[in-house]
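Chemist: Pulled these from Swiss-Prot:
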{"type": "TRANSMEM", "residues": "76-96", "note": "transmembrane segment"}
{"type": "TRANSMEM", "residues": "102-122", "note": "transmembrane segment"}
{"type": "TRANSMEM", "residues": "156-176", "note": "transmembrane segment"}
{"type": "TRANSMEM", "residues": "201-221", "note": "transmembrane segment"}
{"type": "TRANSMEM", "residues": "227-247", "note": "transmembrane segment"}
{"type": "TRANSMEM", "residues": "269-289", "note": "transmembrane segment"}
{"type": "TRANSMEM", "residues": "310-330", "note": "transmembrane segment"}
{"type": "TRANSMEM", "residues": "357-377", "note": "transmembrane segment"}
{"type": "TRANSMEM", "residues": "404-424", "note": "transmembrane segment"}
{"type": "TRANSMEM", "residues": "425-445", "note": "transmembrane segment"}
{"type": "TRANSMEM", "residues": "461-481", "note": "transmembrane segment"}
């Protein structure tokens, strides 16, 4: 039978939409009797609905029929794990053996576990309320809970923390490649002393050739592969340290380690005061949680919590292995940057080759970590200075301009700060502890009260984190001031 109808191509589609409302086109594809779905979400977002808000385990952005957008392909769980792990395992791992020297093996190990648990809880609370209030950045969820002033303060903390961490990375690269006051550099050992191992020139070359191209990328998902490589290099470092320490332990050539803190001198007590903030700095990754979540494929709080838990487990193993084996290897001679210890005879076969593998491998690791930390630094600076402007992904000129300025400032900072201990103890006592514990605890307590979505245990843990953060900040800052005064005397 003849028909005037034609076959529709399989590649064609028809989007059904309602007429315009108030002169504006509708993007929803839901009939009017299903609009309560969106209204229920908005009620939960605004604290209406009581305990139902706690069961909201989806991200509405995953429902393109509600927003009229197609879901973009993002990173998978393991890509997100690599990026979040890279945000944590950077230079902080280098200072952990020195903290173990001060705290002793028992207290040091306990603190590694405790800080990991508290950090993971704070990340999960941050994710929950970020999704509930549809926040796209750390600063946005802070603003929902605490107001605009608190948001600006949190963004300043991110800038100080990330900027300080990136300065530390450059200091480590300089220490290892060109040497420091008491340790010879890799280039000195290979080529002898010359212009090629001048610290400032070397750092500048590394920044221009290796760091700048990676930092110019506009999506954190683009760094998943380099993050995976950086985690692999960190694992190589840990395995080498652990194997060498085990060999020396079996041979009986390791001095007995300290199991508890030393309270025998004023300097020992001051060191004890400043290592707690350094330990609290070790797990801070909260500034990158939201960017990673935003690009997570099929994102939901449950999926992001899984990312966080896998990441925490990896970091605990890496941190504990590095801290214990590094301290066992070098004992009381453990430096604040343990990489500088790897320029001496380790007392095993192929010691020289092992030293080169460890130092060069970790420098490559830091080169790959650098752009991940820089990403959230640049985004935060952009938000603070250019509020209301289009995202950086839509403004290549502004993105490149910010990248150049930030890299220049970080380079200048690396030439002025003497060592990583100085940088870590100040950022750990101030910005890091605020980002990792103070703000997440305040967010949970304030928004949890509004939405009635915090259990008694969660509320108690939030108060514990807040009290701990305040105590660590006060004690760490006082310890840092006394430490500087004692050195000046």
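Counting begins at 1 with the first residue displayed.
Yeah, the Cβs are placed from backbone N, Cα and C, and that goes for glycine too.
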Chemist: Do the transmembrane segment (227-247) and the transmembrane segment (357-377) come close, with at least three CB pairs under 8 A (pairs 6 or more apart in sequence)?
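Modeler: Contact criterion met.
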Chemist: Check the transmembrane segment (156-176) against each of 76-96, 102-122, 201-221, 310-330, 357-377 and return whichever range has the most CB pairs under 8 Å.
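Modeler: Checked against 76-96, 102-122, 201-221, 310-330, 357-377; highest Cβ contact count belongs to 357-377.
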Chemist: Counting Cβ pairs closer than 8 Å, which of 76-96, 201-221, 357-377 has the most of them with the transmembrane segment (310-330)?
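Modeler: Ranking 76-96, 201-221, 357-377 by Cβ pairs under 8 Å to the transmembrane segment (310-330) puts 76-96 first.
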Chemist: Apart from its near flanks, which chain residues at least 6 from the ends of the transmembrane segment (201-221) lie with a Cβ under 8 angstroms of it?
Modeler: 74-75, 79, 83, 170, 173-174, 177-178, 187, 195, 288, 291-292, 295, 367-368, 370-372, 374-376, 378, 392-393, 396, 399-400, 403-404, 407, 411, 414-415
